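K.L.:
My structure is below; once you've seen it, I'll send some questions.
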Amino acid sequence: MGVHSRTFASFFISFLLFFYASSESNDGTVRVGLKKLKLDPNNRLATRFGSKQEESLRSSLNEFRSKDNNLGGSGDADIVALKNYLDAQYYGEIAIGTPPQKFTVIFDTGSSNLWVPSGKCYFSLSCFFHAKYKSSRSSTYKKHGTRAAIHYGSGSISGFFSYDAVTVGDLVVKNQASYYLFEFIEATSEPGLTFLVAKFDGLLGLGFQEISVGNATPVWYNMLKQGLIKKPVFSFWLNRDPKSEEGGELVFGGVDPKHFKGEHTYVPVTQRGYWQFEMGEVLIAGKSTGYCGSGCSAIADSGTSLLAGPTAVIAMINKAIGASGVASQRCKTVVDLYGQTILDLLLANAQPKKICSQIGLCTFDGTHGVSMGIESVVDVDNKKSSSGIRDAGCAPCEMAVVWIQSQLMQNMTQARIVNYINDMCERMPSPNGESAVDCSQLSKMPTVSFTIGGKVFDLAPEEYVLKIGEGPVAQCISGFTALDLPPPRGPLWILGDVFMGRYHTVFDFGNEQVGFAEAA
């Protein structure tokens, strides 16, 4: 996680949400309500997706996870989602033990473990500012003891597994038999500022067991095994109205018809772990970006505030909405040296995926370009020298190919295309992933759309721009952030709260599918 308390810190007034009530209805569902709290303007976390490879590419990336760089791995240390909040992060109350000890946790569809601070956490400052689980006070506690560690892009927790009863709303997930033993992590170390400033104590994962650290059984699985809910389904309604006191609702066991319009569009889960599915084309003002024409992978993630995607497309979107970031000199150098060559090769019908290897910036592995690992020094007196690019020029080159392709599809002139790709470099996101927009220009910004299950899902400017504050101190942030997860897991799109706030989302565990409908 990255903590960016300096950027716009003096202007930020945002909301965090916590669960204020839960009730079990006669339709076999359990409803968990959400309510809003003011967020300390100086304590703001941005949303990122991370993995070991991404850390080397993006230093501290908006958040997330991988199991030893693949799904299904096990062991004491794994990479999982970074759960941060920008405008609002949805979290709520659970209890562990008998009598119940209460904690606030993020309900996160992008990970699968439950962890809370331990009473044995003595040397991390974060633990002194959050509720701590004390096993000696619980009559249902059972020792486990296996060590566990979860690593994030800018933070981590470590500790050990324990067994106990867990209460979610009115449902008590018990450890009454070996089949139902419930594992959670007692965190004894929470270094860094990330968890120190967090408004939540821990995290409760709602993903598949394939990405569970230590292969621990997720809470959701135990709720099903014990017959505590009627259907193997849960759904999120996230209220994005900043003036509303009602924050939203998480329903275990079904859906609430009051919170969506029409019918859900369902797509199958393509890979167990995250709630991952196939997504179609991304459009800006109704025009194709050309990036996902043959399909892209995406996940629905309740623990991510923003909407993340490959840098090449995010930069296109941010340019279209007038977002400004920090210029990337590396990008500009690649465009200066090879922009015209890339354009000429595309006009000559060269295979786009092979262009960057053809000009010597990447090695083609059969599906995409990869860095050759060759270091060189930029010759400032002769910028046309091929020795002026480091091995990191591979990624900017592939972005340039995408941008030029997009312009060629729109029949732009060569002069316009060259100006466009130079401007794209200027629109690269800030190092912390944020891009600012002019609040007064909302009405002029285009609709950004995503194709899922053959249906186009639109996001209007007021839905993808996060407006913080009012009047002259108001600040607006693009809801789109860059994520470059390499194959085979990537490219990957993360449809976080920016998308789920607009579209009511159903996580159908029984049929292994995800559904989206317009939120009401």
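Note that the numbers count up from 1, one per residue, in the order the chain is shown.
Each residue, glycine too, has its Cβ placed from N, Cα and C.
Whatever TrEMBL says is automated annotation, not expert-curated.
So TrEMBL says this about it:
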- 1-23: signal peptide (SIGNAL)
- 90-517: domain 'Peptidase A1' (DOMAIN)
- Cys121-Cys127: disulfide bond (DISULFID)
- 326-366: domain 'Saposin B-type' (DOMAIN)
- 390-431: domain 'Saposin B-type' (DOMAIN)
K.L.:
Around Cys121 (disulfide bond), how many other CB atoms lie within 10 A of its CB?
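P.N.:
Step by step: centre on the Cβ of Cys121 (disulfide bond), count other Cβ atoms within 10 Å, giving 23.
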K.L.:
Per DSSP, what is the helix/strand/coil residue tally across the domain 'Saposin B-type' (326-366)?
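P.N.:
Secondary-structure breakdown of the domain 'Saposin B-type' (326-366): 26 helix, 2 strand, 13 coil.
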K.L.:
Within the domain 'Saposin B-type' (390-431), count helix residues (DSSP H, G, I), strand residues (E, B) and coil residues, in that order.
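P.N.:
In the domain 'Saposin B-type' (390-431), the DSSP-based counts are 32 helix, 0 strand, 10 coil.
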